[in-house]
Amino acid sequence: MSSPNRAGLFGGLGMTFVGGSVAVSGALAEAPLHTAQALRYAIACLLLLGWVRLTGHPLRRPRGTEWLWLLGVTVSGLVLFNVALVHGSRHAEPAVLAVAVACVPVALATVGPLLEGHRPHTRILVAAVMVSVGAVVVEGLGRADAMGLAWSAVVFVCEAGFTLLAVPVLASHGPAGVSVHTTWLAAVMFGVLALSTEGWRAATRFDAGAVPAIGYLAVGVTAIAFILWYTCVRGLGTGRAGLLTGVAPVAAAVIGIPLTGAVPGVAVWCGVGLIACGLAVGLGVNAERGLVAHIRAKTRTEVDVRGEYPKSRG
């Protein structure tokens with residue numbers, strides 16, 4: 001299997017784990033939020049450290065501005081994102097928050113290439129719009145007050161930040177390094193929040209359903225999905241990887257069939273079809289060739305402008 005195909009497979013699997021979280025989210029509705037998240041990220045970090053040791057991946061200590069990027073990923077994508085989901089759900093229906101997340105592919109296709117040193121590619125932008133619209137159709141629309149819309153905007157920014165803020169440190173730390181550092185930072189932050197707002201006995205208030213839910217979030221949605229996702233981003237580039245976030249709502253819809261016993265309606269399947277078309281447009285063989293040609297052409301243009309022509313060896 002080629003590297004791009006492998007990266008795409010990893011991204012799709014990672015988003016499937018994320019979509020599967022719909023099966024356990026209800027079990028934590030009444031659980032102490034900060035304590036549950038602190039345990040989730042602490043367990044995930046330990047698992048990731050074990051993975052690093054087992055595979056021999058190098059684990060570097062962040063230096064200088066790398067701390068700022070990693071803190072940005074942690075604060076936005078892990079801490080504030082989860083807090084915004086909880087507070088947003090009090091002012092908006094779940095579909096409103098889901099629509100905010102569904103718009104992330106467009107942000108990644110627009111901003112991601114700029115962070116990577118090249119212009120956004122038109123084909124990827126079109127594919128991102130298709131995936132986002134398809135995800136909105138799958139999730140549906142909901143009602144929200146002004147505060148709910150504000151929290152939805154926070155959810156959107158934080159979800160995009162989880163990927164975009166990691167781009168500058170992925171090359172130096174790799175998927176494993178970024179995952180380890182962000183999870184221990186999140187565990188510390190949520191631990192402080194838990195002790196200050198919920199007390200040290202909060203963990204004793206978990207019911208029987210909360211424990212396996214935290215386990216799934218720690219193992220599947222964090223330890224495994226983080227490695228898969230950041231490997232995908234490094235292999236495909238931010239813009240193309242962002243298209244695979246459309247897999248999450250599809251996975252949630254499919255997993256919901258045995259859980260609820262209800263088969264999704266025609267609109268949902270139309271949304272799934274639109275997501276599939278967007279993925280085909282942005283990740284197909286022709287799309288890959290077009291993207292490579294686009295970047296090469298841009299590189300040649302920059303060389304011409306700067307006057308930096310390769311010297312003759314003769």
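Going from the start of the chain as shown, residues are counted 1 onward.
Backbone N, Cα and C define each Cβ position, glycine as well.
The domain 'EamA' annotation in TrEMBL covers 15-138 (among others). Per-residue confidence over the domain 'EamA' (15-138) averages 91 (mean pLDDT, predicted model).
The transmembrane segment feature in TrEMBL is assigned to 39-56 (among others).
Feature annotation from TrEMBL assigns transmembrane segment to 68-89 (among others).
Annotated transmembrane segment per TrEMBL: 95-115 (among others), in sequence order.
TrEMBL lists 124-142 (among others) with the feature transmembrane segment.
The transmembrane segment annotation in TrEMBL covers 148-171 (among others).
Feature annotation from TrEMBL assigns domain 'EamA' to 148-281 (among others).
Sequence annotations record features per position, and here TrEMBL assigns transmembrane segment to 178-197 (among others).
The transmembrane segment annotation in TrEMBL covers 209-229 (among others).
Residues or ranges marked as transmembrane segment by TrEMBL: 241-260 (among others). Listed as Cβ neighbours of the transmembrane segment (241-260) (distance under 8 Å, sequence separation of 6 or more from its ends, same chain) are residues 7-8, 11-12, 14-16, 18-20, 22-23, 98, 101-102, 104-105, 107-109, 112, 124, 127-128, 131-132, 134-135, 138-139, 163, 229, 232-233, 235, 268, 271-272, 275, 278-279, 282-283.
For 266-287 (among others), the entry in TrEMBL reads transmembrane segment.
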**Prompt:** Does the transmembrane segment (95-115) come near the transmembrane segment (148-171), with 3+ Cβ pairs under 8 Å (pairs 6 or more apart)?
**Reply:** yes
**Fill in**
Quick tally over 124-142, 148-171, 178-197, 209-229 of CB pairs under 8 Å to the transmembrane segment (39-56) gives the top stretch as 209-229
**Request:** Determine whether the transmembrane segment (148-171) and the transmembrane segment (68-89) share at least three Cβ pairs under 8 Å, counting only pairs 6 or more apart in sequence.
**Result:** yes
**Request:** Please work out which recorded stretch in 68-89, 178-197, 266-287 has the most C-beta pairs separated by under 8 angstroms from the transmembrane segment (124-142)?
**Result:** 266-287
